[in-house]
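Sharing a structure below in structure tokens format, with a few things to ask.
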Amino acid sequence: MGLLVQLSYFLAAVLFILGLKAMSSPVTARKGVMWAGVGMVLAVVATLFHPYIEGVTNLVLIAVAIAIGGAFAWYTAKRVQMTEMPQMVAVYNGLGGGAAAGIAAVSLLKGTHGEDGTSVAAALGGDVATLALLGGVIGSVAFSGSMVAWAKLDERLKRSTLVENHQYWNIGLAALTALLAIWAFNTGFGLPILLFFAAALALGVFITVPIGGADMPVVISLFNALTGLAVGFKGYVLGNLALVIAGTVVGASGMLLTFLMAKAMNRSLANILFSGFGAAPAAGESEAEGEMKEVGPEDAAYMMGYADRVIVVPGYGLAVAQAQHKLWEMIELLQRLDVDVKFAIHPVAGRMPGHMNVLLAEAGVPYDLIYDMEEINEEFEGTDVVLIIGANDVVNPAAREDEGSPIYGMPILNVDYAENVLVVKRGRGAGFSGVENKLFFRDNTRMVFGDAQKVVAEMVQTVKGI
Amino acid sequence: MIEVSGFVALYVFMLAAVAGYEVITRVPVILHTPLMSGSNFIHGIVVVGAMVSLGVAETPLEQLIGFVAVLLGAANAVGGYVVTERMLEMFKRSKKEDG
């Protein structure tokens with residue numbers, strides 16, 4: 001039986017890697033996740049026959065836990081809106097981190113069964129105990145941190161300060177966790193182990209609370225990578241290569257993805273983790289000049305209907321207003337008028353990289369009309385009309401021009417090089433990051449104020465009449 | 001069971017890290033969110049570790065923690081799969097290029 005179990009784990013590991021590989025292209029991505037799914041089912045079923053598992057009670061407990069956890073996740077995952085995807089990924093990721101921490105706790109507690117005076121390290125072996133503790137702290141931080149990330153993105157948690165001088169608290173808590181780990185390592189009691197997990201969970205909360213909503217996707221991605229790493233360590237502790245390989249592959253790819261995201265936002269990871277964005281207003285930010293010029297949806301629609309080339313820049317606000325279906329209806333009408341329409345997506349549009357693509361795909365927009373920032377930035381010059389819906393910071397020329405601006409240096413879509421810029425916006429306020437946008441005051445910019453869905457619906461009516 | 005220890009584990013760890021890094025370097029931005037979700041699903045394999053942990057649990061405390069770990073791991077795997085699938089099934093090419 002042991003051989004079949006091992007064979008299943010091996011196949012699962014192969015399927016995971018091939019699946020991730022297939023997920024790197026939109027054509028094969030669906031197959032990829034299905035392969036990985038087959039691998040998962042194979043590994044789970046095989047584990048039911050794992051020679052280590054003893055006793056009917058534990059087997060029943062396993063079945064019940066899988067049924068409850070699986071049913072809860074199935075129900076929530078089927079119901080979640082596409083706009084809420086980032087926080088949902090955070091939740092599932094946190095649960096994985098929690099599971100990794102739980103495995104660590106069980107392994108460490110088993111190390112206290114030795115004769116009196118035997119330390120956990122001696123009972124388990126120094127390497128196993130070390131990795132159990134490491135995986136424990138990483139899993140716990142990923143768990144509590146991901147839950148905070150979820151609460152913040154879901155706007156259930158608005159505050160970004162828990163205590164004064166949170167940096168010192170973080171350092172203090174980290175030191176406390178380390179000391180408790182050393183204590184747990186060297187003694188044979190259960191108490192330090194439980195205290196260690198409590199401290200690690202608190203550390204995750206304290207690290208994540210001060211981080212601003214705009215930076216949260218990077219943090220979720222980081223926690224995702226960390227959970228993978230913790231799972232890899234657990235694989236070593238349990239002597240299970242499938243966990244080692246799957247966890248490490250996710251850890252490495254997740255770290256790379258985290259750096260790619262941070263780079264797209266022009267923020268270093270250290271900067272995100274150890275400072276609050278927008279907490280202190282930038283000193284030298286210069287005032288915007290000129291005034292906003294307003295135009296109605298009908299006039300805006302005529303501008304687009306008689307243009308040769310239009311580029312649409314969608315942002316999260318579009319999805320919040322649930323206007324993406326209407327927008328695509330309008331684009332299809334424009335295409336019938338022989339207008340060349342493209343979508344330009346900033347790497348951090350939406351709540352995380354690629355989120356906007358998912359939202360547009362949901363509305364039925366084919367992905368070959370959608371262009372990345374690098375692909376399309378040259379094309380704004382020579383474009384008749386740029387339509388910006390629900391995007392703000394990613395088109396703010398201050399990122400290019402104003403050294404005093406908090407977003408200075410962030411790569412942006414150069415929409416201001418186009419002939420005309422139309423901005424659909426709910427009100428006159430600043431964006432998600434709280435930074436004033438100078439684009440709105442430019443001579444070639446026209447503002448269309450109103451709810452995105454209503455505005456686009458009116459545009460559709462007008463375009464139909466052309 | 002296969003003995004995974006010392007340097008063998010280190011080699012496996014290193015090679016898996018390289019594989020993870022290589023697999024993702026050519027991913028277009030449009031797939032970043034599904035990919036994060038997909039890799040999130042893959043570390044749901046933790047449920048297997050949790051099952052073994054609960055399987056060998058002896059005291060009631062260990063059983064409780066093991067039970068919660070399996071529950072969380074299963075939720076990670078199932079939720080991760082469903083949301084990834086839901087996102088990916090929406091990606092389509094233009095109709096005109098299909099026909």
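Just so it is clear, glycine is given a Cβ too, placed from its N, Cα and C backbone atoms.
For reference, TrEMBL lists these features for the protein:
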type     : residues : note
DOMAIN   : B:10-93  : domain 'NAD(P) transhydrogenase alpha subunit C-terminal'
TRANSMEM : B:6-24   : transmembrane segment
TRANSMEM : B:36-57  : transmembrane segment
TRANSMEM : B:63-83  : transmembrane segment
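Would you situate these features in the structure and describe their surroundings?
Taken together, the residues in the domain 'NAD(P) transhydrogenase alpha subunit C-terminal' (B:10-93) have a mean pLDDT of 90 on the 0 to 100 scale.
Packing against the transmembrane segment (B:6-24) from elsewhere in the chain are residues 35: each is 6 or more residues past its ends and has a CB under 8 Å from a CB in it.
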With DSSP helix as H/G/I and strand as E/B, how many residues of the domain 'NAD(P) transhydrogenase alpha subunit C-terminal' (B:10-93) fall in helix, strand and coil?
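Helix (H, G, I), strand (E, B), coil: 72 helix, 0 strand, 12 coil.
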